[in-house]
Amino acid sequence: MYGEGQITYRSIISIFQIFTFSTSLTISYYFRRKNRLGYLCLGLFSIVRLVSASCFLALINHDTYGLKATVFVCEGLGIILFVFIFVEILGWVDEQAPVLHKYALLVPHVLTYVDLLIAIVGFVVVRKRENAYEPTAFSKANRALLVLMYAYTIMLLGILVHYRNRSATAKAQRNALMGVGACIPFMVIRLVYSLIFEATGDMKFNAVKGDETIYMFMTFLPEAIVVFVCIATIWKIPLETKERNRSEERQSMNDEERMFSSAG
């Protein structure tokens, strides 16, 4: 199938991925200019998906293990970055009315870095294997940590929802929590796709040579929906709130400096 110059259903999906994630990459750059939340992870996720889609399209004329391994690893690597986006949004909500322990939001960050390390090592291992399609111990560990991180993130979301400020002035926080909550069902679908493959080795759920329709409805569409729900959620977070928080931090630092100067 690969290397024969044939455009398949899966190739068409890759073309749509390039259009979709080029758009999200452009928006992430806009977020960077406006100093909004999530721009880095949104941009990195978009780049990872663009690399994956581009490599898959390259398989149309070049059937190489390197391209297949890159697609295989990138498909699993990208969804880790959603944890960072969710945690950033939840962290912003907690800043407005602190509820969580000060180290609570560090846990998913640490686990995500460990998961990224496992994914990178797995990428090196997969590139050296003759069959780049099969699950590895690294990819299974990657998925297990991923499930743990999402479960922990859902727990944080539940705590913030339960204890959130319910006043009329807390509409922005409510919208942010609703945005993260709306993403969860689609992320569950995406995770189930990966877990089925890792647990059973069923090639229908393989990102490279699996069933195209299953990939469409359990990977591409859920990821696209989550990306644009995150974009809409971040867009609704008022910039003046972030500016006020930074202003208060600067004022606090200035007050401390004046206090030490007076003491001296």
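Cβ from N, Cα, C; glycine included.
Remember, it's a predicted structure, so these values are computed and weren't measured experimentally.
Copied over from TrEMBL, here are the features:
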| type | residues | note |
| --- | --- | --- |
| DOMAIN | 7-233 | domain 'DUF7702' |
| REGION | 245-264 | region 'Disordered' |
| TRANSMEM | 12-31 | transmembrane segment |
| TRANSMEM | 38-60 | transmembrane segment |
| TRANSMEM | 66-91 | transmembrane segment |
| TRANSMEM | 103-124 | transmembrane segment |
| TRANSMEM | 144-163 | transmembrane segment |
| TRANSMEM | 175-193 | transmembrane segment |
| TRANSMEM | 213-235 | transmembrane segment |
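Below 8 A, the CB atoms of the transmembrane segment (175-193) and the transmembrane segment (103-124) form no more than two pairs separated by six or more positions in the chain, fewer than 3 in all. Contact between the transmembrane segment (66-91) and the transmembrane segment (144-163) is supported by 3 or more Cβ pairs under 8 Å, counting only residues 6 or more apart in sequence.
Tertiary proximity for the transmembrane segment (103-124) is limited to same-chain residues at least six positions away from its ends with a CB under 8 Å from its CB atoms, namely 69-70, 73, 76-77, 80, 83-84, 87, 90-91, 94, 136, 138-139, 141-142, 145-146, 148-149, 152-153, 156.
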